[in-house]
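Undergrad: If you look up TrEMBL, you'll see A:21-40, A:60-78, A:85-103, A:115-137, A:144-162, A:182-202, A:232-251, A:263-282, A:289-311, A:317-335 marked as transmembrane segment. Annotation comment: TrEMBL describes A:341-365 as region 'Disordered'.
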Amino acid sequence: MTNRPAVTARGPMTRRLAGHRLLWPSLVLIALLLGNLAFTHDFFAVRIRDGHLYGSLVDILQYGAPLTLVALGMTMVIATRGIDLSVGSTVAIAGALACEHIATSSDPGGATTVLTAVAVALGVAVVLGLCNGLLVARLGVQPIVATLILMVAGRGVAQLITDGQIITVNSDKYHMIGGGHLLTFPFAVLLAAVLVALTALVTRRSALGLLIESVGGNPAAGRLTGIRAAGLLTLVYVFSALCAAVAGLMISSNVNAADGNNAGLWIELDAILAVVIGGTALTGGRFSLGGTVLGAMIIQTLSTTVYTLGVPPETTLVFKAFVVIAVCLVQSPVFRAKMPRRRKAAAPRSDTTADAAGRQQEARA
Amino acid sequence: MARKAVLALSTVLLLATSALTACSTEAPDSGKAGKGGSDGKITLGFAQVGAESGWRTANTKSVQDAAKKAGITLKFSDAQQKQENQIKAIRTFIQQKVDVIAFSPVVESGWDTVLKEAKDAGIPVILTDRAVDSKDTSLYKTFLGSDFVKEGRSAGEWLAKEYADEEGPVNIVELQGTTGSAPANDRRAGFAEIVEKDDKFKVVASQTGDFTRAKGKEVMQAFLKSHKDIDVLYAHNDDMALGAIQAIEEAGKKPGEDIKIISIDGIKDAFVAMTEGKINVVVECNPLLGDQLMDLTKKVADGQSVPPRVETEEGVFTQDQAAEALPTRQY
C-alpha cells in the first residue's frame, strides 16, 4: 500500500483521480441513454401525471433505487475485501416480515402498523448482519462462505414467514415507501439519494471511510497502527444488511406484495456487478460511492433498454453480457492503453498509463 | 489463526449439512410400513414437488382432501424441490408395498431406474401435473395434468371472439413466463396459433416477466412508454397480470377497459381483480386434481385400463362469472 497518497495530499489529488474513474461509467450510461433515444424518440420526455413525474427516466431511477441501496452496502463490504452474498435473501426476509405484520394486523392502513412493520424488518436485518459480521470478523470464516449460509438459509426463512404464499397487503402508507411520491418525486428515489448522501458524508467527512479501506487494503498494517478490524468488519455487514432490508421494503411495497420465492432473487450478483462497474476493486482497499450509483443506474438502464427495444427474451442475457463486457473493457486502462492509435480523442496518455500503473500496483498489493 | 479459521469453517459446514439432512429426511413414515392393501383399503403413495407456491399448496390440499373423501389411505411425501428426495420417497413407497404411486416429477429426466423398480414390484404409477421424458411409456399408467398449449389456445379464442366484429389492428403485448419453462413455451405457442390466423392481431411486444408481480409491473411500465396504443395484455400467469395492472393504473389508464387483460391460472387475487373489472378473462390452470386422481387410483388399483393422458377439468372465467366463482376459490 505504499502507493496510497498520504492523508495530507488527499484533496485535489483524489478528486482528479475520482474524476477519471467516474468518466468511463458516466460515458457508458450516457451512451446507453442516447442509444435509447435513437429508437424511442420520446425516451427523455418527462411529464407530470396525477401530480407526479412520469417517464422512462423516472422508471429507471425508481427501479434503480433498490439496486443502488443493495450495491451501496455491498460497496462498503467489498472495500474491506469481503463480499455479501446474503443480500438477496435479506431483501426477501425484510419484505416478508413487513408484509406479514401489516397483513395480520387489525389496522393495515395505520401509521403505527407500518412503522412497526418497518422497525421489525430493520431490526431483524441488524441481527442477520450481526450473524454475518460475527462469522467473518470473530470466527474468521471467509466472507463468501459465511454469507453463502444466509443466502441459502435466508430464502427458506422468507418462505417460512410467508408460508410459501404471496402475501398481498392493502396499505397506502406502506405503498409510499416503494411506490409513493413526495413533491412529485418517487419517494424511493429520494430515500435512496438521502441514504447515499449520508453514507458519503459519514465515510468521506470522517476517518471512517479511510479506516474501512485500511481493513481491506492491508489488514496487518492496519492492526499495527491500532485499527480494530473486527468492529469495522461487523459494522459493514450490519450496514449491508440494513441497506438490503430497506431495498426489500421498497420492492415489496412497490407491488403491494411479499414474494418469499422471488423477491431480490440474484440481486446480489447485480449489486456486485454495479460495484465493479463503478470502479471499486474486488480486492478491497478502495471504494467509490459515486461509481456504485452509476453502476446501478447502468444496470437498470440496460434492463429498461431491453424492454423498450423489444430484445427477445431468449437473447436478453447475451445482449446484457455484451454490454457488460464492453463496459468492463472500456474501463480497463490496460485495454485502453493497448489501442492508443484508434482512439486519439481519448484522455491524455500520460494520465491513462499512470492510472494503469496505479491500478496494477494496487492489484498486486 | 489459519487453524482457527479452518476449525470454524468446518463447524459451520457441519452445522449446515446436518441442517440440510434434517430437512430432507421427511420421507414417509416407515413405522406404518407393510400395511398397504391388507385391510381392503387402497393405499396411495403421493410424492409432491414441494410447497413453492400457492398453486402447489392448493394442489396438495386437494389431493389430501380427495383421498379422505374417497376412503383411500394416503402416504404423503414432500420432496422440497429435490429429485433425490422424490426418488427416495418412491423407493420407500415400494418397500411399503403401497397399491398405487402418484407423483409430480420435479424435473423431466432421470426417472427410468426408479420407475422400473416400481414396475418390477407390480405397483402402477400415475404422473400428475408434470410429465417425464422417458421413452418407455409402459413405466407409468397415465399422466394427469393441464395442457398448457390448450390454455394458450383458450386465451386466443376468447380474444378472437371479443374482437370478432372489430376492424383492428389490435395491438397485443405479451408477458411471458420464465424463459424456457414448459408453461411459458406452450402458453405462448397455443396463443400464437390462434391469433396468427387473423392479420388484425399484432403482438407488438413480448418480454419475460419471470412469472412474478414485480417483473410484470416493471416490464409493463416499459411497454406503456414504448408503445402508445396497446389494446390487449396477455399475461402467462395471474401474478404478472396483477403487477401489470398497477403499472397501467399509474399510467393513468383503466385496466380492463383501455387495455383488455387476459391471464392464466385463476388464483384468488385474480378473481378479486376480475370482480373489480380490472381483468377481463382468466383461463384456469386447475391444481384441484385430487378427485380425478382418486378416480384414476381406484381404476388402476382395480386393474382397469385408463387413457394414457387425462386432462384436468379447467374452465375459462369471464367478469360476469367471477363474482359467483370468487367465494369458491380455494387458492
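The backbone N, Cα and C atoms fix where each Cβ goes, and this holds for glycine too.
Curation does not apply to TrEMBL; its annotations are automatic.
A description of the local structural setting of each listed feature is requested, covering burial, neighbours and distances.
TA: Beyond the ends of the transmembrane segment (A:21-40), by six or more residues, the same chain brings 56-57, 277-279, 288, 290-291, 294-295, 297-298, 301-302, 304-305, 308-309, 323, 326-327, 330-331, 347 to within a C-beta distance below 8 angstroms of the stretch.
Here the transmembrane segment (A:60-78) has long-range neighbours at 84, 87, 91, 143, 178, 186, 188-189, 191-192, 195-196, 199, 203, 212, 216, 236-237, 239-244, 246-248, 250-251, 254, 264, 267-268, 270-272, 274-275, 278, 280-282, 284, 287-289, 292-293, 295-297, 299-301, 303-304, meaning same-chain residues at least 6 beyond its ends whose C-beta is under 8 angstroms from one of its own.
Listed by sequence, the residues of this chain that lie at least six past the ends of the transmembrane segment (A:85-103) yet keep a Cβ under 8 A from its Cβ atoms are 66, 70, 73-74, 113-114, 116-118, 120-122, 124-125, 128-129, 132, 144, 147-155, 157-158, 161-162, 167-169, 171, 174, 240-241, 243-249, 251-253, 257-261, 263-268, 271.
Long-range neighbours of the transmembrane segment (A:182-202) within the same chain, counting only residues 6 or more positions beyond its ends whose Cβ lies under 8 Å from a Cβ of the stretch, are 48, 51-53, 58, 61-62, 65-66, 68-69, 72, 76, 176, 208-209, 243, 246, 250, 254, 289, 293.
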Undergrad: Counting Cβ pairs under 8 Å to the transmembrane segment (A:232-251), which of A:115-137, A:144-162, A:263-282, A:317-335 comes out on top?
TA: A:115-137
Undergrad: I need to check the long-range neighbours of the transmembrane segment (A:263-282): which residues 6 or more away from its ends have a CB within less than 8 Å of a CB in the stretch?
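TA: Residues 21-22, 25, 28, 66-68, 70-71, 73-75, 78-79, 81, 83-92, 95-96, 151, 158, 244, 247-248, 251-252, 288, 290-296, 298-299, 324, 327-328, 331, 359, 362-363.
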Undergrad: Please report, as numbers and ranges, the same-chain residues at least 6 past the borders of the transmembrane segment (A:115-137) whose CB is under 8 Å from any CB of it.
TA: 82, 84, 86, 90, 93-95, 97-99, 101-102, 105, 143, 146-147, 149-150, 154, 174, 177, 229-231, 233-242, 244-246, 248-249
Undergrad: Quickly jot the same-chain residues contacting the transmembrane segment (A:289-311) by Cβ under 8 Å, restricted to those at least six beyond its ends, or write none.
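TA: Contacts of the transmembrane segment (A:289-311) (Cβ under 8 Å, skipping residues fewer than 6 from its ends): 18, 21-22, 25-26, 28-29, 32-33, 35-36, 39-40, 43, 56, 59-61, 63-64, 67-68, 71-72, 74-75, 196, 199-200, 203-204, 270-271, 273-280, 319-320, 323, 327.
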